[in-house]
Amino acid sequence: MWDREGRAFSTYKRMPSRDHSAVTDVEENSAHSQNNMDVQTTDPSWWLSFPHVVVATLASFLFGYHLGVVNEPLESISLDLGFNGNTLAEGLVVSTSLGGALIGSLCSGWIADGVGRRRAFQLCALPMIMGAFISATTKTLAGMLIGRLLVGTGMGLGPSVLALYVTEVSPASVRGTYGSFIQIATCLGLMGALFIGIPIKAIAGWWRICFWVSTIPAGFLAFFMIFCAESPHWLYKQGRSAEAEAEFERLLGGPHVKYAMAELTKLDRGDAADTVKLSELLYGRHFRVVYIGSILFALQQLSGINAVFYFSSSVFKSAGVPSDFANVLIGVANLLGSVIAMLLMDKLGRKMLLLWSFFGMAISMLLQVAAANAFVSGSASLYLSVGGMLMFVFTFALGAGPVPSLLLPEIFPSRIRSEAVAFCMSVYWVFNFFVGLLFLGLLEKLGPQLLYSIFASVCMMAVVFVKKNVIETKGKTLQEIEIALLPQE
């Protein structure tokens, strides 16, 4: 599974078709000449880059953990800090981290380009440690909000840098599989927060332990990044070619270094050192790829995924399912879909997973519409509602969840990659915030049938958008993707 796919387009070994016969002759006649060829006929070992990617995905684990860490303990926090019954204060505790995430996301591209990917990960861990410490020790609402804001900046910085790092250190044959690790780590973080919060009602002050625990993976991320490879793409852009070559040897193995460096040379247009301006992302020759990335994240959020998460507990409760068990079911559906996506990403490709994922989400929302129909009996309504909700989360995790954060760094040209990812991730956080803010009000005014019909329509719009605008990037070099989306001038 790890290295069957992408044989024709592997990032570090692809060659023009006109050279195929020459390579065959060399293989048959001269092992010595074979060793001197730039082109490699085998994929780089996935095992060399695997540890670096695993350490980096701690950023995604922390992202998921901090998304879910206040859900169960919120009542205990409000009682201990003296704002119980104040819905505004409770909402701020949950949403302040989203404001911090927007700030972190907006700055992520310039930080990643300024100090490198490894140091950016360490800078991501620092506010998470500080924020968790403040949240765990505070005795006031203000302290909790400051802690959540700091944690949020790390939540916004981490996923953007992680998407860049995974794209730039992974061999093309397993880049999709590695990209799926991001979603899996997020699921594990959410489930970790759920399990850590189980004793919350039995042990007084346990919510403080929930925050303390998060400092452990954040500390691991900051420490183990010291031993991880820096992105060769970033090093090359800084004019540090010898260091980029050394990192390629760590990530791919010696036989693949020469071709990997040749690929970087092809991607370099001599303008990498120029400052990327916001205007370049909003119009001009880079507009199309930024438009695709931004719309993908907007459609992801407008599909209703957060609405499903917010409303799941009450739906399950009405079906007689305890909220704790309901959260476990949602977590299992999310994790199962993410694991299947990992297995299929480099086989079926990004575009195919996106298409079927959004289509499945649309069908799931139609099941919710049917469940809300007055003509459906009570038991049938509950089964449709619960089944549709689990199906929605599962199909989301198959493609709409993991693919955009992997696809974006692949489709952006090298020169604007970090800034463009930062911009699109900011779009993600803005839509995330407004969907969470407006969902319950819209549900009350429009009713579940109309609102879920709108979500289903958005999912079908996403199918059409993906079909018309997204290219398949499975196994292709970053240069091939760039040429396909941005013809050379």
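Every residue gets a Cβ built from N, Cα and C, even glycine.
Where the annotation comes from TrEMBL, it is an automatic prediction and has not been curated.
What TrEMBL records for this protein:
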- 15-36: region 'Disordered' (REGION)
- 46-68: transmembrane segment (TRANSMEM)
- 52-474: domain 'Major facilitator superfamily (MFS) profile' (DOMAIN)
- 88-108: transmembrane segment (TRANSMEM)
- 120-138: transmembrane segment (TRANSMEM)
- 144-166: transmembrane segment (TRANSMEM)
- 178-200: transmembrane segment (TRANSMEM)
- 206-228: transmembrane segment (TRANSMEM)
- 289-313: transmembrane segment (TRANSMEM)
- 325-345: transmembrane segment (TRANSMEM)
- 352-376: transmembrane segment (TRANSMEM)
- 382-408: transmembrane segment (TRANSMEM)
- 420-443: transmembrane segment (TRANSMEM)
- 449-466: transmembrane segment (TRANSMEM)
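By the count of Cβ pairs under 8 Å, the stretch nearest in packing to the transmembrane segment (420-443) among 46-68, 88-108, 120-138, 206-228, 352-376 is 88-108. Remote same-chain partners of the transmembrane segment (88-108), defined as residues 6 or more beyond its termini with a Cβ less than 8 Å from a stretch Cβ, comprise 66-67, 70-71, 74, 77-78, 120, 124, 127, 141, 144-145, 148-161, 418, 421-423, 425-426, 428-430, 432-433, 436-437. Each of 206-228, 325-345, 352-376, 382-408 was scored by its Cβ pairs under 8 Å to the transmembrane segment (178-200), and the highest score goes to 325-345. Same-chain residues lying 6 or more positions outside the transmembrane segment (352-376) and placing a CB less than 8 Å from one of its CB atoms are 299, 303-305, 341, 344-345, 382, 384-385, 387-389, 391-392, 394-396, 398-401, 403, 407, 447-449, 452-453, 455-457, 459-460, 462-463, 466-467, 470, 472. The list of residues near the transmembrane segment (382-408) in space but at least 6 beyond its ends in sequence, with Cβ under 8 angstroms from a Cβ of it, reads 159, 162-163, 166-167, 175-176, 179-180, 182-183, 187, 293, 296-297, 299-300, 303-305, 308-309, 312, 315-316, 318-319, 321, 329-330, 333-338, 340-342, 344-345, 350, 353-358, 360-361, 363-368, 370-372, 376, 420-421, 424, 462, 470, 473. Nonlocal intrachain contacts for the transmembrane segment (449-466), taken as residues 6+ away from its ends with a CB within less than 8 angstroms of a stretch CB, comprise 295-296, 299-300, 302-304, 307, 351, 354-355, 358-359, 361-362, 365-366, 368-369, 372-373, 400, 442-443.
Using a Cβ-Cβ cut-off under 8 Å and counting only residues 6 or more beyond its ends in the same chain, the transmembrane segment (144-166) has close neighbours at 53, 56-57, 59-60, 62-63, 66-67, 70, 77, 81, 92-93, 96-109, 111-112, 117, 120-121, 123-128, 130-136, 138, 175, 178-179, 181-182, 211, 218, 231, 405-406, 408-409, 417-418, 421-422, 425, 429. Residues 51-52, 55-56, 58-59, 61-62, 65-66, 69, 73, 76-77, 80, 118, 121-122, 124-126, 128-129, 132-133, 135-137, 147, 154, 193, 196-197, 199-200 of the same chain, all 6+ positions outside the transmembrane segment (206-228), place their C-beta atoms under 8 angstroms from a C-beta of that stretch. Across the residues of the domain 'Major facilitator superfamily (MFS) profile' (52-474), the predicted structure has a mean pLDDT of 87.
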